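**Student:** Under the heading Ca(2+) 1 binding site, TrEMBL lists His30, Glu33, Asp40, Asp276, Asp282. If you look up TrEMBL, you'll see Glu271 marked as Zn(2+) binding site. If you look up TrEMBL, you'll see Glu279 marked as Ca(2+) 2 binding site. Annotation source TrEMBL lists disulfide bond at Cys102-Cys118, Cys117-Cys128, Cys196-Cys205, Cys227-Cys273, Cys272-Cys280, Cys292-Cys306, Cys343-Cys388, Cys387-Cys396, Cys419-Cys465, Cys503-Cys514, Cys541-Cys586, Cys585-Cys594 (among others). Summarising the annotation, TrEMBL assigns domain 'Albumin' to 22-212, 214-406, 407-598. Annotation comment: TrEMBL describes 1-18 as signal peptide.
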Amino acid sequence: MKWVTLISFIFLFSSATARNLQRVARDSGHKSEIAHRYNDLKEETFKAVTLITFAQYLQKCSYEGLSNLAKDVLALAQTCAANEDAPDCGKPLPTIFLDKICQVEQLRDSYGAMADCCAKADPERNECFLSFKVLQPDFVQPYQRPASDVICKEYQDNRVSLLGHFIYTVARRNPYLYAPTILSLAADYEHALQDCCKESDVNACLDEKVYQIFHSKKVSVKQHYFCGVLKKFGERTFKANLLVRLSQKYPKAPLSEVTKIVHESSGVHKECCEGDMIECMDDRAELMTYVCSKQDILSSKIKDCCEKPVVERSQCIIEADFDDKPEDLPSLVEKYVQNKEVCKSFEAGHDEFLSEFVYEYGRRHPEFSTQLILRVAKGYEALLEKCCKTDNPAECYANAVEELNKHIQETQDVVKTNCELLNAHGEADFLKAILIRYTKKMPQVSTDTLLEIGKKMTAVGTKCCQLPEERRLPCSEGYLSIVIQDMCKRQETTPINDQVSHCCSDSYAYRRPCFTAMGIDTKYVPPAFDPEMFSFDEKLCSATPAERAAGEMKLLVNLIKRKPQMTEEQIKTIAEGFTTMVDKCCKQSDIETCFGEE
């Protein structure tokens with residue numbers, strides 16, 4: 001179905017002109033938001049992003065069904081572009097999309113309680129719909145490309161349909177993936193087809209390139225994480241995190257430019273997280289056009305990105321390396337510790353003063369995680385709040401460096417200890433150590449979920465501990481924060497315990513140290529002993545090494561759930577006993593009797 005003529009959508013923005021960063025739309029200069037966005041994006045990209053929007057809300061709908069909805073919205077956009085006073089043209093874009101969704105026949109048959117969202121008023125209606133999005137749902141298979149013997153002909157003869165189905169599948173499987181990113185993936189996919197269809201072994205070429213597309217750009221999890229941070233901790237915390245990141249990425253840029261980009265970027269993230277992909281696409285494209293217009297003062301690392309079409313440009317800029325920090329940056333001690341007028345500046349403009357501190361600290365420390373720099377800033381803020389009330393503030397905050405270094409030392413020690421454990425003992429023992437720690441911290445969590453969390457944390461270690469020293473810390477804490485966020489999201493619907501609830505809600509910057517410092521849950525009452533949980537049969541003997549290892553891990557978790565006070569030595573004895581039991585009983589003629597006795 002030719003709902004979309006994606007011809008050259010990848011190169012659509014190549015002639016985009018730079019516009020003022022403060023959008024005219026925000027100044028209410030347009031009667032019709034849909035007409036304004038249609039005129040900005042042009043037909044091909046508007047249609048593509050409309051499909052993405054519907055696919056992310058209506059994840060069970062067919063390509064053809066969503067194409068019809070997209071066609072209706074396109075028709076309205078074209079009407080409004082010709083006459084902004086036409087019916088429905090003054091509606092906000094989210095309202096237009098949600099009205100269309102609520103008009104879908106048999107919505108309740110396919111989506112059940114989600115249909116109840118239609119009875120709510122905006123913006124609650126949108127919040128309701130967002131809550132029903134399913135991350136990587138079972139009912140949507142990952143993108144399956146056509147067989148290599150037909151894909152090149154398909155691309156040549158029916159490019160629009162091929163790319164349309166790619167976009168549709170990626171969008172409905174990844175409902176939090178930003179529209180600009182999906183179109184960037186589609187551009188990469190098209191480039192792969194263009195390159196591989198010239199090769200003798202199309203299959204091998206595509207296998208490698210398509211794998212890289214989906215695995216080198218695992219941004220869906222990160223974008224979902226950003227949306228979670230924005231929703232849980234609010235815009236102020238989100239902007240602070242962004243300020244750290246951009247100060248690290250653009251250390252030569254003046255603070256005024258960094259804060260301007262932080263403000264605009266935060267708005268774009270908010271649009272994307274709220275499912276408003278048309279505005280997200282348009283505003284991010286404009287933001288990147290602005291960034292490229294300022295690249296001389298921002299970064300030397302984005303020149304190649306800025307020469308790409310805008311659809312590919314934004315993801316390239318986001319993934320670009322940090323710029324080299326200036327060599328002549330003075331020490332911060334003189335300005336923020338030795339200066340006797342610190343309290344005057346702090347009290348005169350609290351937020352501005354701390355923003356400048358975060359910016360100056362971030363641009364000097366690309367080797368730290370954003371969360372660690374926020375902890376340093378919060379520690380400095382707490383110190384000034386205490387000291388500025390004393391008779392001699394300068395004497396009080398004279399030890400600021402030593403106080404703030406405690407945050408740095410704690411984080412460096414955690415990374416060092418865990419990487420040494422992983423490198424010395426391997427993934428299996430590392431996973432075992434993680435499971436022991438976290439089963440004691442939150443024994444209420446199901447065995448399978450604890451195993452899942454343990455494997456994710458082990459994967460973080462495997463990924464980050466092999467990196468150079470200066471990249472280990474931001475990698476480790478960055479990815480651990482995503483794992484912790486996932487745990488905290490589950491905690492909201494299925495409360496675990498008071499300790500976990502406190503760590504999840506108290507402070508974004510301190511979440512990881514809070515989980516690290518968490519002790520045994522003293523309020524936990526172990527379940528009664530269940531012999532069935534510790535019964536083994538001959539299947540264990542025919543199991544693969546991986547299955548046997550999983551069985552041992554489950555036994556370990558279930559034991560700790562029943563005896564949380566077990567010592568390391570007791571756990572080690574039981575683990576060795578399990579291996580000995582399996583080796584012994586699997587050699588016997590009556591395996592099950594042996595297991596029962598052992």
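The count begins at 1 with the first shown residue.
The backbone N, Cα and C atoms fix where each Cβ goes, glycine too.
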**Student:** Round to a whole number and give the Cα-to-Cα distance in Å for the pair Cys514 (disulfide bond) and Cys594 (disulfide bond).
**Tutor:** 45
**Student:** Checking the disulfide-bonded residues Cys196, Cys306, Cys396, Cys419, Cys594, which are within 10 Å of Cys388 (disulfide bond) at the Cα level?
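**Tutor:** So the list reads Cys396.
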**Student:** Count the Cβ atoms, other than its own, that fall within 10 Å of the Cβ of Asp276 (Ca(2+) 1 binding site), considering every protein chain shown.
**Tutor:** 21
**Student:** Cα within 10 Å of the residue listed as 'Zn(2+) binding site': which of the recorded positions Glu279, Cys280, Cys586 qualify?
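**Tutor:** So the list reads Glu279, Cys280.
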**Student:** Which one is closest to Cys419 (disulfide bond) in space, judged by CA to CA distance, out of the recorded positions Glu33, Asp40, Cys585?
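**Tutor:** Its closest listed neighbour, by Cα, is Cys585.
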**Student:** Please report the number of other Cβ atoms within 10 Å of the Cβ of Cys280 (disulfide bond).
**Tutor:** 25
**Student:** Around Cys387 (disulfide bond), how many other C-beta atoms are within 10 angstroms of its C-beta?
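**Tutor:** Other Cβ atoms within 10 Å of Cys387 (disulfide bond): 20.
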**Student:** Taking only C-alpha atoms and a 10 A limit, tell me which of His30, Cys118, Cys205, Cys273, Cys280, Cys585 are near Cys541 (disulfide bond). These are the recorded positions.
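**Tutor:** Final answer, ordered: Cys585.
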**Student:** CB neighbours of Asp40 (Ca(2+) 1 binding site) within 10 A?
**Tutor:** 22
**Student:** Near Glu279 (Ca(2+) 2 binding site), which of the recorded positions His30, Glu33, Cys117, Cys272 can be found within 10 Å, Cα to Cα?
**Tutor:** Glu33, Cys272
**Student:** Take every residue in the domain 'Albumin' (214-406), average their pLDDT values, and give the whole-number result.
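**Tutor:** Mean pLDDT across the domain 'Albumin' (214-406) comes out at 94.
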**Student:** Could you say which of the disulfide-bonded residues Cys292, Cys306, Cys396, Cys503 has its Cβ with the most other Cβ atoms inside 10 Å?
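**Tutor:** Answer by Cβ density within 10 Å: Cys503.
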**Student:** At a 10 A cut-off on CB-CB distances, which of the disulfide-bonded residues Cys117, Cys272, Cys273 has the highest count?
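**Tutor:** Compared across Cys117, Cys272, Cys273, the most Cβ atoms within 10 Å surround Cys272.
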**Student:** Using a Cβ cut-off under 8 Å and a sequence separation of 6 or more, which residues in the same chain sit near Cys465 (disulfide bond)?
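**Tutor:** Residues satisfying the criterion: Asn418, Cys419, Leu422, Asn423, Arg472, Ser476.
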**Student:** Listed recorded positions are His30, Cys118, Asp282, Cys387, Cys585, Cys586; which of them have CA atoms within 10 A of the CA of Cys343 (disulfide bond)?
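**Tutor:** Near Cys343 (disulfide bond) by Cα: Cys387.
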**Student:** Measuring CB to CB from Cys196 (disulfide bond), give everything in the same chain under 8 Å that is also at least six residues away in sequence.
**Tutor:** Cys152, Val202, Cys205, Leu206, Lys209
